[in-house]
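Participant: One structure is given below, represented as C-alpha cells, and several questions about it will come after.
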Amino acid sequence: MGRVPCCEKDNVKRGQWTPEEDNKLLSYITQYGTRNWRLIPKNAGLQRCGKSCRLRWTNYLRPDLKHGEFTDAEEQTIIKLHSVVGNRWSVIAAQLPGRTDNDVKNHWNTKLKKKLSGMGIDPVTHKSFSHLMAEIATTLAPPQVAHLAEAALGCFKDEMLHLLTKKRPSDFPSPAVHDGAGAGASASALAAPCFPAAPPHHPQADDTIERIKLGLSRAIMSDPSTASAAAAAAAPSAPAEDKPWPPGDMSEGLAGMYATYNPAAHAHAQAQAEFRYDGASAAQGYVLGGDGDQGTSMWSHQSLYSGSSGTEEARRELPEKGNDSVGSSGGDDDAADDGKDSGKGAASDMSGLFASDCVLWDLPDELTNHMV
C-alpha cells in the first residue's frame, strides 16, 4: 500500500498562483497556523493540493524571507560553502538568513556557475582550468614515458625471436610405438624427444669412405679361400693358374699386385708367422717348451690374415717344418737365420699388399652416413 494522496487530483488547480490565492493562504495561516497541510486548502477555500500550499508558504509567503537579488557577500558565501560541501543546498541556505534552499539552488544554476566558468574556474572542483590541465598531464605522463619506446621495441624483438625459433608440432619426429620389449624404449622416447640435426657434408670424409671401400674390395679379392671359391664358381673349366683369382677388369695398382703375388711364398710366410719366435717374447722368456731347447711364445700363434686358414700346401709343410725344428739339437745357425729372413721377407711382401690406403673394415652406408 502506498501513501494516501493529500487531495483529489481531479478538482485540483495547477499552475501559477494568483494574488487572491496568496492572500487567502496568508490570512488563514496567520489566524490558524500551519497544523495540517491536508486540511488547509479545504478550510482556506483553495482548490490547491496541500503540498502546493506548503511550498508556496515556505518559499514565498513567509514573512522572514528575503526577496530580490543576492548580494556579493551572499554570493561569496555560497561559492565558499559549495567548494566545501558541494550541492547540499539546505546546509548552505541555513547560513544565509532569509534565503531558502530552493532560492540558493536556482541562483547557483542560473548565475554563479556561468560566472565561475567565465573566470576560468571549474564550478565543480573550484580550481583553475590551467591547474587541472597540469594535473591531467602529470597523471597521464609518468617520468618513465621517455623509456617506453625503447622498452616496447625490446619486447617486440623478444617476441619475434621467440616466434622464429619456436618449433611447430609437425617438425617433431613422431616416435613409433612397439609392443613387448620396445614399450619402455618408446615411452622414454615420448618423454624426451630428440631433434637430430643433419650432419654437414665433408668432401674429405667422402674421399676417405671411397678409399675404405676400395681397400675392402681388394682385401676380399686377396682372400685365398674366397677368391678360389669365386673363381671355381665363375669358370670351372678355366685352366689352373698360380694365382687364386682370375684376371679380370681391374685397376692398374691391383693389376700390379696381381702380377707380383706368389701363393707358395704366401703359404710359407703364413707357416713361419704361426711358428715364429716373437722378439718381445724371446726377450721375456718362452712359456711353452718343446722337446728341444727352443720354445713357442704364447703370442706367436697369430695369423697374418684374420680368419684365414692357409692353403693345402701350407698345411702339408706345417708338420715337416715343426719336426725339423724340434728334432734338430740346435740346428745350423745360418740355416735358422736364413729361414727367419725368408719368413720375414715373405711377410714383408704380403704386408705391402695391405698398405695404409687399404683398410680391411667397412660399414654399411647407413652407419657410414651417420658416423660422418
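Cβ coordinates are placed from backbone N, Cα and C, and glycine is handled just like the others.
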Participant: Examine the ranges 37-61, 187-211, 237-261, 337-361 and name the one recorded by Swiss-Prot as DNA-binding region.
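Facilitator: When 37-61, 187-211, 237-261, 337-361 are checked in Swiss-Prot, DNA-binding region belongs to 37-61.
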Participant: What counts of helix, strand and coil residues does DSSP assign across the DNA-binding region (37-61)?
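Facilitator: Going through the DNA-binding region (37-61) residue by residue, I get 17 helix, 0 strand, 8 coil.
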Participant: For the domain 'HTH myb-type 2' (66-116), provide the mean pLDDT of the predicted model.
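Facilitator: It averages 92.
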